[in-house]
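As given in TrEMBL:
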type     : residues : note
TRANSMEM : 73-92    : transmembrane segment
TRANSMEM : 104-126  : transmembrane segment
TRANSMEM : 146-170  : transmembrane segment
TRANSMEM : 182-203  : transmembrane segment
TRANSMEM : 215-236  : transmembrane segment
TRANSMEM : 242-269  : transmembrane segment
TRANSMEM : 281-305  : transmembrane segment
TRANSMEM : 325-350  : transmembrane segment
TRANSMEM : 362-382  : transmembrane segment
TRANSMEM : 388-408  : transmembrane segment
REGION   : 438-478  : region 'Disordered'
COMPBIAS : 439-460  : compositional bias 'Basic residues'
COMPBIAS : 461-478  : compositional bias 'Basic and acidic residues'
């Protein structure tokens, strides 16, 4: 909406900013009525009425308590915070050149991550309970729906730290907690990986220039679950449960990696034909590191556990040393994926270097997790080869991720305090259709409202939606 055309000044902007990305239909009965109406007699609000509608929405937003504004605008992208915090705690705990003080920092980050994850989950439940219509709008939104994948990936970082910290410290049945949480995470990841790509195909309207690396988010969730399954299987005392976990994790890896490679091909085509992403989405160029880094770590970790487990359980008896074969194949796949990740890391850094300044948003958390999981692959290679080169590179990447986490956390806290970071792109359509529905079904008082409901047709003033002209005569619509 052009402020100059509507007469709305910059002071009339809503307290909670709205984005321009449209959502799909939220009020189908209103849309159906508008579609069945002759365009010449359709709903044509005047500029003054549009301004009044915008001011009404702004006033309604300002009347809401601050906490309700924050809850209503709390999007799934906030779980990227738990992903970044979780991977930072994991890297500091497993740093090749480590110390006790770094372990203590990783424990603090682990506790913070659990607190944030529980808090964000409660806020999300409250959001969709208080505003159930937002769920459908969010699912059908071409950008916001993709961030549902951040939920299972954030949970996976907590599961991994339970294995690294809680199981050695407390022992007992702590492995059962990690195993149960992993199954929950795997189910959510499968649902996300299967359903959201289908929504992209069946619901969203995309062109080559609208393709983004965020398409990888729901797909990578199963790869992260597979990697977490390899970690959990390493501490399960029962061979049967461990074997089931390993096989399931291989299946999860198979659902995510091929699909992620398909998206990478499409994304590469988009970059070559439609130029680099806009400044607001420039950080998304780091996202391809996610499936490559985590995929390499997962296949190598699974092979590492399978080498021991298959010998003890006598799995695949027809094949001699089946576990050793899986370990060797996993290592070669991991090293190839690590090399492919270097290419995308160069693309991302070169893209960032060409951009002088780009605005801060929640997408900045894309600096942490993709580079973080690429680092976990690096450090595991350093451990398995073993190699001082990979150990040094892994340490450098780990420190870079920790530095990124500090910078992005400070930016997030600053904007969360002012409230400017709390906004949901799909809410504009929800609010607009609510207000439009009231006008369409009940009318809008005042002189300007009458102008918005009536227009001239054939020299006569006709009420919109209730009368039509057929053969030059005024006829009531049936």
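Using N, Cα and C of the backbone, Cβ positions are placed for all residues, glycine too.
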Positions whose Cβ lies under 8 angstroms from the transmembrane segment (215-236), at least six residues beyond its ends: 146-150, 152-153, 156, 159-160, 163-164, 167, 175, 178-179, 182, 185-186, 188-190, 192-193, 195-197, 200, 242, 245-246, 248-250, 252-253, 255-257, 259-260, 263-264, 266-267, 287-288, 290-291, 294-295, 297-298, 301-302, 304-305, 309, 373, 376
Among the ranges 104-126, 146-170, 281-305, 388-408, the one whose Cβ pairs under 8 Å to the transmembrane segment (182-203) are most numerous: 146-170
For the transmembrane segment (73-92), distant same-chain residues with Cβ under 8 A (at least six beyond the ends): 16, 102-103, 105-107, 109-110, 112-113, 116-117, 120, 123-124, 127, 138, 144, 147-148, 150-151, 153-158, 160-161, 164, 362-363, 365-369, 372-373, 375-376, 379, 398, 401-402, 404-405, 408-409, 412, 422-425, 427
Leading contact stretch, 146-170, 325-350, 362-382, 388-408 vs the transmembrane segment (104-126) - CB distance under 8 Å: 146-170
Beyond the flanks of the transmembrane segment (362-382) by at least 6 residues, Cβ under 8 Å: 75, 77-78, 80-81, 83-84, 87-88, 90-91, 94-96, 153, 224, 227, 280-281, 283-284, 286-290, 292-294, 296-297, 300-301, 334-335, 337-338, 341, 345, 388-391, 393-394, 397-398, 400-401, 404-405, 407-408, 411-412, 421
